[in-house]
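Here is what TrEMBL records for this protein:
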DOMAIN    22-295  domain 'NADP-dependent oxidoreductase'
ACT_SITE  Tyr57  active site, proton donor
SITE      Lys86  site 'Lowers pKa of active site Tyr'
BINDING   His119  substrate binding site
Amino acid sequence: MAKKYIETERIRLSSGRQIPVLGLGTCAPLQSEEEIIEAVKSALRSGYRHIDCAAIYRNERAVGHALKEAFVMGIVKREDLFITSKLWNTCHKPELVLPSLKKTLDDLGLEYLDLYLMHWPMAYKEGGEMNPLDENGKAISSDVDYIDTWQAMEDCRDMGKTRDIGLSSFNSQQIQRLLDSARIPPVAIQLEVNCYNTNKKLVEFAKSKGLVVVAFSPLGTPSKGAEFQLLQEPVIQEIADSHKKTPAQVAIRYLIQQGLATVPKSVTARRIAENTEVFDFKLTDEEISKLETLNRNYKVYSEKIAVNHKYYPFNADF
Ligand SMILES: NC(=O)C1=CN([C@@H]2O[C@H](COP(=O)(O)OP(=O)(O)OC[C@H]3O[C@@H](n4cnc5c(N)ncnc54)[C@H](OP(=O)(O)O)[C@@H]3O)[C@@H](O)[C@H]2O)C=CC1
Ligand SMILES: O=C1CO[C@H](CO)[C@@H](O)[C@@H]1O
């Protein structure tokens, strides 16, 4: 019988805390509040203890609703959970950081987060749309330096509003620049990593600086009408068949064997459970090499609306 996902599957953060390697993604723009509530409850019942949220997903109240029900029903206790959320780009001004975090906490119905990430190094114009666009459809920048935003995030950690702080989609130069001035170093970074985008140089760089890497879009975001469909690749299917596993389980297992945490998203109870059954088999070195032939440095989240931003992260080599 497949080994149930259990809480020992964790990675130690530089702060000494631990992050469960498997979490539930909640970026679900097409799903209703009811679907999100059911998905989070289903995940908690399946043994997930790590939920990945963000203000920009516009569904933190639904996640909070599910958490509250799970607490009342005794499915899980707050202290057993690892809840991540992310500061959105329109709230990088230092005076907006704490209010943004408080809004997220209020929506989630929590006293504190486990991890608060800066969602992107890029600040957008404050005070209006979450994706403010100019007449050419490009994001309108704000001039805030992510170093100043980080200092406000450090203050949030000092206040106990979040146990740890981290980054998302920063390139190596931006990580280094931030580390050079940080009073509190980031413990983790979310990066797009999957078999289409193994992102090796950046992953190794981040790890060498003491950051745990959390892989987002582990399945290649099939729902986004993506150009390529990772889960339908014959190479993945073949390896899955030989282990009596599914392509999604192989895609997730690949990341775990790279020493990464990951946050596959699903609102389908069967898949939510399926995605946990990844701790009872091991890919061989040969299988890993075969999977890596799929790499084409393909990004689902290239944030093209912000290509002209001063801090656009994808112009650097890595
Ligand atoms: N920091 C950042 O900038 C970013 C962070 N993220 C985070 O990462 C999470 C995951 O990435 P995301 O881009 O959502 O995409 P994923 O790669 O996790 O793919 C999600 C899609 O795969 C489907 N799916 C899930 N499990 C299976 C399965 N076992 N078999 C077949 N299909 C499956 C889901 O369908 P269904 O739901 O219908 O079951 C959904 O359509 C996000 O939800 C978010 O939390 C994502 C992007 C950027
Ligand atoms: O997490 C993410 C998913 O959706 C957002 C857009 O709406 C992205 O900007 C982001 O990186």
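Placement of Cβ uses the backbone N, Cα and C atoms for every residue, glycine included.
Remember, predicted model here, so these are calculated numbers, not experimental data.
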If you measure Lys86 (site 'Lowers pKa of active site Tyr') to Tyr57 (active site, proton donor) at Cα, how many Å is it?
10
Within 10 Å of its Cβ, which one of these recorded positions (Lys86, His119) has the largest number of other Cβ atoms?
Lys86
From the Cα of Tyr57 (active site, proton donor) across to the Cα of the residue listed as 'substrate binding site', what is the distance in angstrom?
11
Counting across all protein chains, other CB atoms within 10 angstroms of the CB of Tyr57 (active site, proton donor) number 21
Mean per-residue pLDDT in the domain 'NADP-dependent oxidoreductase' (22-295) works out to 97
In three-state DSSP terms, Tyr57 (active site, proton donor) is classed as helix
